[in-house]
Amino acid sequence: MKRNIVLVGMMGSGKSHIGRKLAQRLGWQFVDTDRRIERAVGMTIAEFYAHAGEKGFRERELNVLHQVSRYHEAVISFGGNFPMSIETYRILHRHGFIIALLSEPFRVEERVSRHIGKRPTVDYDNLREFVHKMMRQWEEIYPYCDCVVDTTRGGASQIVDTIVQKIEEKKVQFIAREKGV
Ligand SMILES: Nc1ncnc2c1ncn2[C@@H]1O[C@H](COP(=O)(O)OP(=O)(O)OP(=O)(O)O)[C@@H](O)[C@H]1O
Ligand SMILES: O=C(O)C1=C[C@@H](O)[C@@H](O)[C@H](O)C1
Ligand SMILES: [Mg+2]
């Protein structure tokens, strides 16, 4: 039995966009770890990264991971640079059904280019190469995820349909949140 759905994957794969719609469809709570961090520190992700550096940012992300991993009936979208390791994977997988989103490189480039400056570690001068490197890193993670969904094409509603179908096919059962909790 699981408690929540966790969306991971490379930047621009649509975790925030799809996660919100999936939560609406299921009538669940939506949590975006980037927004959590922004609220807690009173800065944008880019400002906080510049202020705290990579180490400070990762620490904050791990704090959020511990806070949210036990939530019930929540769709939790992680940041695009979230460090998936055996340890973080185990924490998420204990209560979460882990869905990795992936898109073809041209689509990631297109989406990431929409808001230049929003993602602090993107190399906008060498975007193509940057995206390919990010893809190679994520390729090692996909086999560990409960399912992988391609978000290159189709609107959010269609992608949400695919996710719901995969959850049904795999007969994943979720523990309902107790009333008032
Ligand atoms: N299926 C889709 N159809 C159309 N636009 C989309 C789709 N998925 C995402 N987008 C758009 O692409 C951009 C990036 O999507 P989003 O912010 O959800 O990615 P992300 O995976 O959360 O990225 P990050 O890792 O940086 O948080 C947004 O402008 C979003 O509205
Ligand atoms: O450039 C980065 O390191 C980041 C960019 C965004 O995708 C965020 O989602 C992520 O948390 C950090
Ligand atoms: Mg996001």
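Backbone N, Cα and C atoms are what each Cβ position is placed from, and that goes for glycine too.
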Say TrEMBL lists Gly12, Ser13, Gly14, Lys15, Ser16, His17 as binding ATP: which of Arg119, Arg128, Arg136 is in the same site, per that record?
Arg119
Residues near the substrate site, Asp34, Arg58, Gly80 excluded, by Cβ within 8 Å of the Cβ center?
Thr33, Ile37, Ile45, Phe57, Glu61, Phe78, Gly79, Asn81, Phe82
By Cα-Cα distance, the member of binding-site residues Asp34, Arg58, Gly80 nearest Gly12 (ATP binding site):
Gly80
What count of other C-beta atoms do you get within 10 angstroms of the C-beta of Ser16 (ATP binding site), across all chains shown?
19
Are there any residues at least 6 positions away along the chain from Gly80 (substrate binding site) with a Cβ closer than 8 Å to its Cβ? List them or say none.
Gly9, Met10, Met11, Gly12, Ser13, Lys15, Arg119
With the ATP site defined by the record as Gly12, Ser13, Gly14, Lys15, Ser16, His17, Arg119, how many Å span the farthest pair of C-alpha atoms?
16
